[in-house]
Structures are given as structure tokens and as C-alpha cells.
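Copied from Swiss-Prot, the annotated features are:
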- 73, 74, 75, 76, 77, 78, 120, 159: NAD(+) binding site (BINDING)
- 127, 159, 190, 269: substrate binding site (BINDING)
- 214: active site, proton acceptor (ACT_SITE)
- 302-332: region 'Disordered' (REGION)
């Protein structure tokens, strides 16, 4: 019996087979492949390739949120190394184009720009001095970013995030609806985790928010905390489990201190903020209408001074949509604490003279 020496001798015609696997491209504008029917490609830029920036980029990549990710950093060798490390995993990841550069031109045409770059605090340096250095850095990077991507959404992650969100808004020239900060989105996740541990439930079944400053003065909104629709404070009362203001403040304090604990153990935080920002990116890019506590320009929220950027629960969305902001219901004590927290942010903003 004669052995076949080619696919054609087996009756398999390569030309015919290719037509089965690959659809011909037509220049006819009425075909589904025309420009009118093509899905618009999504581009996300991450400014700063440090631990936080790369955790964000990696999480956005694995969640398949963008068709192109641009990485920008001032250190070219580290930047290229980070990009190559991700590119080498291409066989295991969604198909996403990765580009990098030290120049802001690589971000051109971005839909979402995420800023993680920031100066690190020097020993003995005051918070105000650190803030002034970060403002100087933002003066260098924000205007070029705005110039490269006129219609982008700007998401600030650098700390102090509430004040720097205000700075980015002022320097970009963008409307306030297109500049937000990561705010207390991560604080709220930590809050939900700690409550879930206390109550022995899944954190995804806990509804709880931290608002105000992303920092020491953040406010836990206990009045709206619920598990499976049951208000937590009411549930504790009905089960005769003891709690008092001191216990509640202890949990809030644990939320605030949790970042310091992670830093003391591993030197920095990265993964939690990576997932937090990726969740914001998904909500913004896909218009999911999910509620997030993010830093936004507060205009009359519970008596907070106009021009203050502070975290409030709202559904961040593309500006073409109707405004998503809605005022949370707070007790008078919670509103008082929120105003006190916002005052700290407002005072720092006034010192900058922007």
C-alpha cells in the first residue's frame, strides 16, 4: 500500500481548508467587518511602574479590560523589564497589546489614564513637604497627559489621593466629571473584610462603606452596614451581642491601620490596591453602574465646602451618561465626622494655591 506523502494526497486541499478557517475580508461597507461595525478598541495607560502601578496593570490585563495597555515610568530599564515580564506570559493571557515608554506620547488616545506616580516620603519630612513635592511632579506629568488624550478619564491613585485628585483636576483642565480618585474604595473593601471575619460571612455579602479622607480621618458609615439586607447594628441588638462606640471605633481604626500593618510586614501594599483600581476601571470602561466610594468634587454634600475632593459613594461612569452622584444617607454624627474629615482635605488644598 502506497504511503501518502502530502496532505493533498489524503484529499485535504490546503486552499479549501483555509477558506473554512479564515473568513475573507471584503471592502464592501455593508459587511460586518466594516469600520461601522467594528468594536472600538480600548486603551488604558498606567503612569508609574512601581509595585502599585504594576499590580494595577497586571490585574487589568488578566481581567481583559483593555485592548492596549501603555506603561510609563522615569526609569527605562525597570520599565522595559516589567513590560517584557508581562509580554512573556502572552500565551496564558488575553490578547492585549503592551507598550511602554518614558515619554507621555505613548499614552496618546487613551480612554483611561491611571496615575500612580508619586514621591516617597523622606525620613523627617513633613506631610506638607511631601505633598508639595508630589504637586511639583503632577505639574510635570498631568498637562502632557491631558494633551495626549483630550477625552480620557483620569483616575488618580497617588497619595494623598484626595488632595492630588484636586490637583489633577486643576492642572488637567478637564471637567470634574472626568477626574476621580481611588478614594476609600480600598478602605471599604478592608472594612467589609474585617466585618465578614467578625460575623463569619462572605465579604461579598457585606455592604459597607468608608467615606471622607483616604487616611486617618476616614468615616465608617455604620448606619448603612448590612449583611444579606439585614442592618448589622440591628442584627447585633437582636442577637444580644454586645457592642459599643468603643468597639465600633476599634474596627474603624483597624481598617485605617491595616495598610500600615501590610507595609511593616512586606514593605509596601500592592495587590489589594491593584484589584481595587481594576474594579474601578471595569466600572468606568464598561459603564457597569456599580457604586464605589471614590474621590470626587464635593458640591454641597452634607455641608462640605465646594471645591473639596472627598470620597462619597457614587456610580462612576463616562461623562456622556447622566450624573451618577447621589447623596448618602448619614446620621447627624456621621455627617459631622465627614465634614471634619473633608475639612482636613480642604485645608491642604488651600495651602497649594492652585
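The chain as shown is numbered from 1 upward.
Note: Cβ is positioned from N, Cα and C throughout, glycine not excepted.
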Nearest by Cα to residue 74 (NAD(+) binding site), of the recorded positions 127, 190, 214, 269, is 269
Pairwise C-alpha maximum, in angstrom, for the residues (73, 74, 75, 76, 77, 78, 120, 159) that bind NAD(+) according to the record: 25
Spatial neighbour of residue 190 (substrate binding site) that is closest, considering only the recorded positions 73, 76, 78, 214 and their CA atoms: 214
If you measure every Cα to Cα distance among 127, 159, 190, 269, the residues said to bind substrate, what is the biggest one in Å? 24
Of 127, 214, 269, which is closest to residue 78 (NAD(+) binding site) if I measure between C-alpha atoms? They're all recorded positions. 269
Where does residue 74 (NAD(+) binding site) sit in the DSSP three-state scheme? coil
Out of 127, 214, 269, which of these recorded positions is nearest residue 77 (NAD(+) binding site) by C-alpha distance? 269
Highest CB neighbour count within 10 A among the binding-site residues 73, 77? 73
Does DSSP give residue 269 (substrate binding site) helix, strand or coil? coil
Helix, strand or coil at the residue listed as 'active site, proton acceptor', per DSSP? coil
Compile a sequence-ordered list of residues in the same chain as residue 127 (substrate binding site), six or more apart from it, whose Cβ lies below 8 A from its Cβ; state 'none' when nothing qualifies. 121, 160
In sequence order, what residues of the same chain, 6+ apart, have a Cβ less than 8 Å from the Cβ of residue 269 (substrate binding site)? 51, 52, 259, 262, 263
For the binding-site residues listed (78, 120), most other Cβ atoms within 10 Å of the Cβ sits at 78
